[in-house]
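Taken from TrEMBL as is:
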type	residues	note
BINDING	Cys34, His96, Cys99	Zn(2+) binding site
Amino acid sequence: MKLFLRNLLGKSCSIQNLKQTSQELKPRVVILTCVEAAARRFLSSSLQHDAVVLCSPGNLIPHSKLYGKEVLGSEVASMEWACSQGSLEHVVVCGHSNCQILGALGKWQIQSASNVMSSPFLSWLTQHGNSTLTRFERYEMDRLQPMTFQGISPKELWDAYVDPQCHWTDQDQFSQVNVLQQLQNVSSHGFLKPKLKSGALQLHGMWLDSREQSPYLFSKEQQRFMQITDDNIDSLLKI
């Protein structure tokens, strides 16, 4: 995970890491990100051989409560496969600035219910993005108050401030709220809970400012997204 974060800051992979690409894949890091080019292009030059990237529209991950009600999609299945390999240490939910896909979640972009039902994309997006939309509507009522999210159990709660300095656009704030909501969705899956509870697996929220080429990591200690630098990587990765 440290190597991946340092690569985001422009560090190159070591020769030893490049040699290891021929070995059997045992993923240590799973990155759940958006299908839009901005996120994938930013991440592609920073990945090492033991990282797996899973893409979905708007980096949405279905909640476990949907088990049995519908097909959850390959993202959850791939995440479970990575966990079953026994080497997984980090799961990263990664959003990005100016996300056009998340913009489609806005009510102003969806003209009618019939449009949603006739579009596989909009149908999937509204079903799995509704929790983010609801969360953001509450956030808009008082943006200076923290939002509370659930971890692996109803007793494990954590707070988050999104943009107390009013630095980001509404669209980017929405994207950051979405990352936090997807962290809650990911932690709901039973196959991850034992490792999350023991500390063998860490869950991270990342957000990329594609305009400034700057990566941010959510800090539960600071209760907000913090820009990643060479100096703070170790502290940001502390549980």
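Placed from the backbone N, Cα and C atoms, the Cβ positions cover glycine too.
Distribution of TrEMBL features across the structure.
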residue : record              : Cβ neighbours (10 Å)
Cys34   : Zn(2+) binding site : 24
His96   : Zn(2+) binding site : 29
Cys99   : Zn(2+) binding site : 25
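DSSP gives Cys99 (Zn(2+) binding site) a coil state; it is part of no helix or strand.
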